[in-house]
Ligand code: ASP
C-alpha cells in the first residue's frame, strides 16, 4: 500500500518582475494576485492533464474544493522519497502582501509585516515561499532570518529576472525549485531557516548578495557555499552548524518595544573622506554600519578615531564590515579602540538588516553590542551564540 504524504506551502506574493505583466497602457507593472494564481493553475494543468480528461476535469483534480493548488506532480516526483511506497504531494495557497510592489519600494516595516503574517499561520503550513523582486531580496531574506530565527520551518524567497508570463523566463524554474524545498524538505532540520532560491541553487538567506543584473544567475553567497543544488538531481549539502556554546541573556522587560524604527546609517570609507562628512553621518545616528577597507582598515586620521570614540560614548552602535566582496574583517584594527563591533564576514545586506533588527529589539547598549558581535543565525563566521530571554528579578525584591 502506498502512503500519501501531503505537504502544505503558503506562497506570499509581494511583487517583483516575477509577477509583472503589461497594463492597458503597455507599461510593465506587478499583476494582481488572481492573474498570477490563474497562470500557475494553467501551468499545472498543462503538465498534468491526462489525455482522456477535459481541461475542466483536470482543473477539478488540481485545485481542491477548499482552494489548495497542487504543484505539478512530475516535479514533486523528483524528490528522493524515503521509500518506494511513500508518495509526496505539494499543495499550496497563494496570498498577496498588498499592494504588490517593485522591490525597490520595500521598507523595513514590511519585513515585520511579512514575518507577522507567517507567524500567524505557521501551524497551518509546512513551509513558506515568498515571491519578491530581486533588487532588495537579499535585504528581505537577511532581515527575515533574524526576525524569524525561531520559526523552525523553511521560508524561501525567490523571484525572477523575467516575468513568469514570458516564454523565456527563469521564473518557473525558481518557483518550482523553491516550492519543492519548502514542501518536500520541510522536515530536513538543516533547511528549517530563511533561504533564497535562484538559478538552481539554494542559499542561506542571510549570506546572499545580488551580484548580476542581467544574468539568470542573480545571486551569490560570497562566504558560504549553497545549501543545496537543484540540478537534474536535488543535492542537499551535508551542512552541520557549529555547536552553540554561549548564551546572551536578555531581560524580557527590556525587549520588543513597539514604536518606530531606529535611525541606522551606512558609512563607507574611501580615500580622501572628509571629517565633515564622517561627523554628519555619525551625529544623531542610533547605529552605523562601517564599510571599511580590506580586513577592516580605516584611513589613518586622528580626527576619525576621535569621531568614532565620541560616537561610541554617545552609545551609537557601530559594526565594522568590509567593503570587499569576499573575506572577513579581523578584530585587530584601530577601530576596536572606539568600541566598534567586528562583523567578521557578514554581507553588507545582513549587516544593515541585523543592525535594524537588533536596535529595534534590544534597547540596552551592551546587549546590542553582544548580539551584533555574535553569529545569531549563521549570518557570519563570528562565534555563534543563542539569545535567551529571562525574567529579571530586581535585587530590591529579595529584601
Ligand atoms: N526591479 C525588480 C524588483 O526588484 C527587479 C526584479 O524583480 O528582478 O522588484
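Residue numbers in this text run from 1 along the chain shown.
Cβ coordinates come from backbone N, Cα and C, glycine included.
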Open item on the list: Going by the substrate site in TrEMBL, where 134, 135 are listed, which of the candidates 103, 145, 163 is also part of it?
Closed with: 103
Task: Helix, strand and coil counts within the domain 'Asparaginase/glutaminase C-terminal' (263-371) (DSSP) - done: 46 helix, 21 strand, 42 coil
- [ ] Enumerate the residues of the same chain, 103, 134, 135 excluded, that satisfy the criterion Cβ within 8 A of the mean position of the Cβ atoms of the recorded substrate site; list them in sequence order.
- [x] 16, 17, 102, 104, 106, 132, 133, 136, 137, 159, 210
- [ ] Do me a favour and check the Cα-Cα span between residue 17 (active site) and residue 103 (substrate binding site); whole Å is fine.
- [x] 9
- [ ] Please state how far apart, in Å and to a whole number, the two most distant Cα atoms are among 103, 134, 135, the recorded substrate-binding residues.
- [x] 7
